[in-house]
Amino acid sequence: MTDTSAKLTVGDKTIDLPVMAGTTGPDVVDIRKLYGQTGMFTYDPGFTSTASCESALTFIDGEEGVLLHRGYPIGQLAEHSSFMEVSYLLLNGELPDAETLANFETTITRHTMLHEQLMTFYRGFRRDAHPMAIMCGVVGALSAFYHDSTDIADPVQRKIASHRLIAKMPTIAAMAYKYSVGQPFMYPDNKLSYTGNFLKMTFGVPAEEYEVIPAVEKAMDRIFILHADHEQNASTSTVRLAGSSGANPFACIAAGIACLWGPAHGGANEAALNMLREIGTPDRIQHYIDRAKDKNDPFRLMGFGHRVYKNYDPRATVMQKTVREVFDALKVTDPVFETALRLEEIALSDPYFAEKKLFPNVDFYSGIILSAIGFPTTMFTALFALARTVGWVAQWNEMISDPGQKIGRPRQRYTGPTERDYVPVEKR
Ligand code: CMC
């Protein structure tokens, strides 16, 4: 904490509010005593200027386009690390040595199977159910199957629940896909890596051997790294808020999945590729740029803009590079990539996007890669949920481990009627 304070004057009364510093990034004004001292609340719909918690996991400098996990730049992690290593880092604070990493991978691998009875749960869904609808339901239902890891006061149970969630998400997501195409569910193959196993459970069939293509496995793993955590975004804040009441971890992550589904958040990857396909050819781009700028048209450029980044999203830089790598590895191409590159170029040279500091975000290029790998657009957000699960559980653990943790309970500016007397129906 710094020794500075902020002064707030309301009428003839001035109060001192402590200013607290983080290790980097903006200081925060501690307003916890504001109501007691002034009878007033702060007002910040959408939390544009509100730090809701203290966290040591992820740092973003939106002006500079910087993203650090436990201090390590996302570009370095995407280049040199693996999703399992980043998961360990987020959960434990430090990079593991080789033996610790191997043990962590074994632990996660040993939790990849789903309770067999959950198959029946899947069969209750329509075949055309959106994978995110299935994810919300199945992940929430895990609390009915794993009672031995729902005591949030027990750190060992919290750890087991966290490992279970990280390990079972690929199985849950792959089964959602298999169900939608009417193919048999594939059991996990513990000889494979986390990501290789996911690809096999998604694209393999029991009748044939499945060969994991190393370049695809690497690209997919990198996509998981890029989505692993993003400090207090909407779904993570949802997980924290749900967890603050003492709800069990499976229920909290199901809440996070529900929030992620929205097109302003994780649903944007699906919406972005649909938009690019609708635009089709570069000659049609200007029409969509004009629509995005028109205040009377609800259309927005999907995969563009961010609450925190007022610069290029560093994850989009890596994503764009990965598109080319995957095309080369699979010897495919997709005209939609040319459209995306041209759209970015036109948007970035347009004063509307420059003045509002709207740049491509993580969702702009990811769909092109996922589509080349073979995923239908409806699976894109489910893959985001799979990868973000580690961030959600790490943030949830951080919150529950904090001895000063309180239930999250925002206040409001009331604008409804003031007190009035009930009027019997015959007199209305
Ligand atoms: N296209 C056109 N105009 C936009 C866009 C866009 N994609 N994004 C923001 N704007 C405009 C917006 O109309 C507003 O203009 P004005 O100040 O004249 O009213 C201004 O820019 C600020 O936008 P905002 O909605 O007030 O900003 P926000 O911080 O509340 O919203 C956002 C951030 C990500 C929801 C928004 O940029 C958006 O809807 N983008 C498209 C959806 C998207 O790509 N979401 C993925 C975000 S990154 C991954 C994730 O979080 O899951």
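Every residue gets a Cβ built from N, Cα and C, even glycine.
TrEMBL has this to say about the protein:
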- His306: active site (ACT_SITE)
- Asp363: active site (ACT_SITE)
- 418-428: compositional bias 'Basic and acidic residues' (COMPBIAS)
- 407-428: region 'Disordered' (REGION)
- 364-387: transmembrane segment (TRANSMEM)
Number of Cβ atoms other than its own within 10 Å, given for Asp363 (active site): 29
Set of same-chain residues at least 6 away whose C-beta sits under 8 angstroms from His306 (active site): Gly62, Asp313, Phe359, Asn361
Secondary-structure category, per DSSP, in which His306 (active site) falls: coil
Counts of helix, strand and coil residues, the region 'Disordered' (407-428), according to DSSP: 3 helix, 0 strand, 19 coil
